[in-house]
Amino acid sequence: MALVVVVGPPGSGKTTIGTALAERLGVVFRDTDADIAAAAGKPIPDIFVDDGEEHFRALEREAVRRAVAEHDGVLALGGGAILAAETRELLADILVVHLRVDLAEAVKRTEIDRGRPLLNVNPRATLRRLMDERLPLYREVADIEIDTTGRDIVALTDEIAARIGTRTVTVNDAETPYSVLIGHGVVERLPLFIGKAARAAVIHTANTSELAERVGSLLPDGVEATLMEIPDAEDGKSISVAEQCWEALGAEGFTRTDLVIGVGGGAVTDLAGFVAACWLRGVPVVHVPTSLLGAVDAAVGGKTGVNTAAGKNLVGSFHPPRAVLVDLDNFATLPRRDLAAGLAEVVKAGFIADPVILELVEADPEAALDASGPVVAELVERAIAVKAEVVGSDLKEGGLRAVLNYGHTFAHAIEKLEHFRWRHGDAVAVGMVYAAHLNAITGRVDLVERTKAVLESIGLPTTYDAERWDEIVAVMKIDKKNIGATQRFVLLDDLAKPVVVDDVTAEQQREAYERLTA
Ligand SMILES: NC(=O)c1ccc[n+]([C@@H]2O[C@H](COP(=O)([O-])OP(=O)(O)OC[C@H]3O[C@@H](n4cnc5c(N)ncnc54)[C@H](O)[C@@H]3O)[C@@H](O)[C@H]2O)c1
Ligand SMILES: O=C(O)C(=O)C[C@@H](O)[C@H](O)[C@H](O)COP(=O)(O)O
């Protein structure tokens, strides 16, 4: 079903603004006038001349019906499409943007384009009449009305995106670009990303069961929801849980066009992504992250996986989602400790790429912990933008993507030694302090105090048990970034200047541990 439908009189900019809006939202643009001309094999003015307006309107009603049902992007309708009552009814459940324009500018804009059959004679008077007649109908169907007169495209698309309540980050993945919608209530946009699914498996934990039910109820008629509750947190991220999900998919007869939806924290989205990646060798997955960490990191970028006795995330696959719906309202029930843990990955994005993030947290740590406040919304968008930029150019961690692992070599060792009972974000916080010591010890930038201060200001741990070096070093040796026997670490040459190095000596690693635990 269409994401946004754009309506308005001739000259209001439906095609230009609709195209820019689609680009901004990371979706495809479609125009029913173009559909009609293509299907008829001739331009619209020729249809009017050869077959008459009534015939054209019949073609238009059918073109709109079809496009609304099958196009999951921005859809522009011909200026007169809303004359049909059945079309207006069709638009009742869809987000409709009405573009207004004043008469003088509409005349100017339409003069350039001669292909408008109703404006061949006395265009100014005709336009005035059409605009007056149709205004109440545009208003009847529209959710948002925007005056385009004298305004540039960028400002207009920004305003429409903001009024839709959705900030969108596009992940320009080389395989299939997808959108991360961020805003209050964006879970409602789920029906746009159903594709051809006849069934959807909604994977969740007890903590997100209410939302999972709501997600099930948002599926369009004819799409059958199967709710699959898995154990909470890391207990759910195991091969045996994945296997139970596959058994359930088999029992429900899931096919390649059916859909998996992950509703929960990072553990759920990692598991749901993995289940989707392996079922029939890959079915679509949509993520509805409910934790801050899931939203800014786990749900974006296509890394999926489970933990095994051998270690954290060692079994998995790259399987980018079809879309990610970051509904900020979902953070309302997230415990403060989990919100803080999510901020660890946000702070990481600050150190590796966007220092404004650090400034925002440092300026007001409490605001960074206020789930419903504007600072969290900005932090979420910035952190996702950092991640999208990196994974968009290196999905499979051939090079650049490793920078997202800043602090993770040590963090994953803690997680394994603690039998996955530590919060991932807590481990990453300690891991970043360890990395900051390594930065300083290896003659790079000294950000130790800044790292500790920002993490402590939001209640995150910055030290670890002093007696476990031998175990830690053993686990770090099986880190995914290592090449053969060569250990690799992500360090910082400077703030926002990450580098992957392979020459950190055993002594330097030990020295960093001693400083961390001193
Ligand atoms: N794939 C990736 O790129 C990637 C990136 C970062 C982290 N991860 C993985 O993500 C996991 C960590 O994610 P996490 O921190 O979200 O942990 P989590 O999924 O374990 O969630 C933390 C806790 O918060 C609860 N919770 C989640 N949303 C809630 C809500 N709205 N209200 C109340 N409770 C809620 C969960 O049920 C859980 O108890 C780790 O397994 C980590 O390895 C993956
Ligand atoms: O997406 C990535 O790439 C990351 O490294 C993001 C990390 O923050 C995240 O914790 C991820 O789960 C780590 O992946 P792994 O490959 O080190 O297991």
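Every residue gets a Cβ built from N, Cα and C, even glycine.
For reference, TrEMBL has these:
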| type | residues | note |
| --- | --- | --- |
| BINDING | Gly11, Ser12, Gly13, Lys14, Thr15, Thr16, Arg116, Arg151 | ATP binding site |
| BINDING | Thr15 | Mg(2+) binding site |
| BINDING | Asp33, Arg57, Gly79, Arg134 | substrate binding site |
| DOMAIN | 228-339 | domain '3-dehydroquinate synthase N-terminal' |
| BINDING | 232-237, 266-270, 290-291, Lys303, Lys312 | NAD(+) binding site |
| DOMAIN | 342-482 | domain '3-dehydroquinate synthase C-terminal' |
| BINDING | Glu345, His408, His424 | Zn(2+) binding site |
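Checking the binding-site residues (Arg57, Asp232, Gly236, Val268, Asp270, Ser291) against Gly13 (ATP binding site) with a 10 Å Cα-Cα cut-off leaves nothing. Note: the substrate site is recorded as Asp33, Arg57, Gly79, Arg134; in the same chain, Glu60, Leu77, Gly78, Gly80, Ala81, Ile82, Leu83 also have Cβ atoms within 8 Å of that site's Cβ centroid.
Proximity to ligand 2 (Cβ under 6 Å from any of its atoms) holds for these binding-site residues out of Asp33, Gly79, Asp232, Gly266, Val268, His408: His408. In the three-state DSSP scheme, Asp232 (NAD(+) binding site) falls into the coil class. Within 8 A of the CB centroid of the Zn(2+) site residues Glu345, His408, His424, the other residues of that chain are Leu293, Asp297, Ala344, Lys348, Gly407, Ala411, Gly425, Ala427, Val428, Gly431. Within 10 Å of Gly266 (NAD(+) binding site), as judged by C-alpha distances, the binding-site residues found are His424; the full candidate list was Thr16, Asp33, Arg134, His408, His424.
Looking only at other Cβ atoms within 10 Å, the busiest spot among the binding-site residues Gly13, Gly79, Gly236, Gly266 turns out to be Gly266. For ligand 1, the binding-site residues lying close by, meaning a CB under 6 A from one of its atoms, are Asp232, Gly266, Asp270, Ser291; the full candidate list was Asp232, Gly236, Gly266, Asp270, Ser291.
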